[in-house]
Amino acid sequence: MQAKALLTHPSPTPPLQNPNLKLRPSPPLFTKKSTLSTPRFHQSFLRSFSRNFVPQNQSSKLKRYCISLGQELNFESNEALVEEEEEEKEEDEEEVRVEIEAEGLANQSIWNQMKEIVMFTGPASGLWICGPLMSLIDTAVIGQGSSIELAALGPATVVCDYMGYVFMFLSVATSNMVATSLARRDKNEVQHQISILLFIGLICGFLMLFFTRLFGSQAITAFSGTKNAHLVPAGNTYVQIRGLAWPAVLVGWVAQSASLGMKDSWGPLKALAVASAINGIGDVVLCIFLGYGIAGAAWATMVSQVVAAYMMIEALNKKGYNAFSISIPSLNELLAVLTLAAPVFVTMMSKVAFYSLLIYFATSMGTHTVAAHQVMLQTLSMCTVWGEPISQSAQSFMPELICGVNRNLSKARVLLKSLVTIGATLGLVLGIIGTAVPCFFPNIFTPDPKVIQEVSSCFSNL
């Protein structure tokens, strides 16, 4: 009966005495990392299960089913592994790409960097040249008419030009603050800084206007000395006329520096190109044809400075900023400006004191000596001003690379190397030109043989 029942109802489990049966140890159910995801285990486990624990009449179906399930699990596992490998590969490629870009910036050709700087400093050079060029034109035109008026330009330029250099801190502060705010992509902060710096420039301009009106004559007398009292009337005339433009000059400096902080040098260059043309034409017409002498040169320069300031403001307005908006700075904002500009202020004060002392001693040596000194000093100013565009490039480009959104110290180092290379080359060339022109062509500045002799004496020991 039992045998019959067994034959009628076969057991789902085959007898253990089957010689073909090979039991494999099953893996632990709980491990740190499940092995079900490995394809080798799926295949061995499913083959063992279907062969040893399934009835013969159902083994083919279940075997096919289990193999399909294993293949599906195997496919999903492989797909996950492939996706993970692709993500890791993309991350590695991204890291390599960033490293290559950093190396590329660090090893960027210095000539390409210099080309970028020259594209900015080329127009910016015109900005800084225009001021000394106007004074040089005044020197050449006035020198053709009178040696006394040429000598009077010495102490007069101390009051009009060299004292103006004290306020160069406005230009430096404006360029740095605007460039830094633009690097942070904060346009409202840029507008506010322009407004407070315009207010400071306007106040300083009116202070200089009142100073020249009240103490201009005393300043000229102090520099000329009692031996050269005949230079005071001509020098004072020049100072009083030029002093009318002080508010426009300092406001124009702020507007110009704001444009340079935005890496725009063409707008200010157009303004100063027009100003230089007005000054040159005015000097020729008023001094040579109409005979106004030193007063005509002063009027031409003053009008050209006012026109330049207006065009600077308009250039800034076209960029979307309101250059006619001024704001009174708070105490903290004023301290921030002074903190930034203090080193420049001390440096410029030292330069002004040094050059003023030179002019004072030259004036005490006589009319012809101070006239020759004026020629040499204007030539020096014309040459040294070429370094300002390089300084302006550093102020415009460095903030973005050091503390901006696109911070990149490798590129900042390359920029520094480029600026030093350009400065050294430019200094060598200008040294040669600045020496050769007054040495071989002194007649450009004056026909007076005594003044020419004094100029030539500067090169007698070379």
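Glycine is no exception: its Cβ is also placed from the backbone N, Cα and C atoms.
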Feature transmembrane segment in TrEMBL, mapped to one of the ranges 294-317, 414-437: 414-437
Correct range for region 'Disordered' (source TrEMBL, candidates 1-26, 53-78, 209-234): 1-26
Recorded stretch that, among 162-182, 244-262, 269-292, 414-437, has the most CB pairs under 8 Å to the transmembrane segment (194-215): 244-262
Recorded stretches the transmembrane segment (352-372) and the transmembrane segment (162-182) touching, at least 3 CB pairs under 8 Å: yes
Long-range neighbours of the transmembrane segment (269-292), counting only residues six or more past its ends (CB under 8 A): 123-124, 126-127, 130, 133-134, 137-138, 141-142, 144-145, 252, 256, 299-301, 303-305, 307-308, 311-312, 315
Positions on the same chain near the transmembrane segment (244-262), where near means CB under 8 A and six or more residues out: 124, 127, 164, 167-168, 170-172, 174-179, 182, 194, 197-198, 200-202, 204-206, 208-209, 212, 268, 271, 301-302, 305-306, 308-310, 312-313, 315-316, 319, 321, 323, 392, 395-396
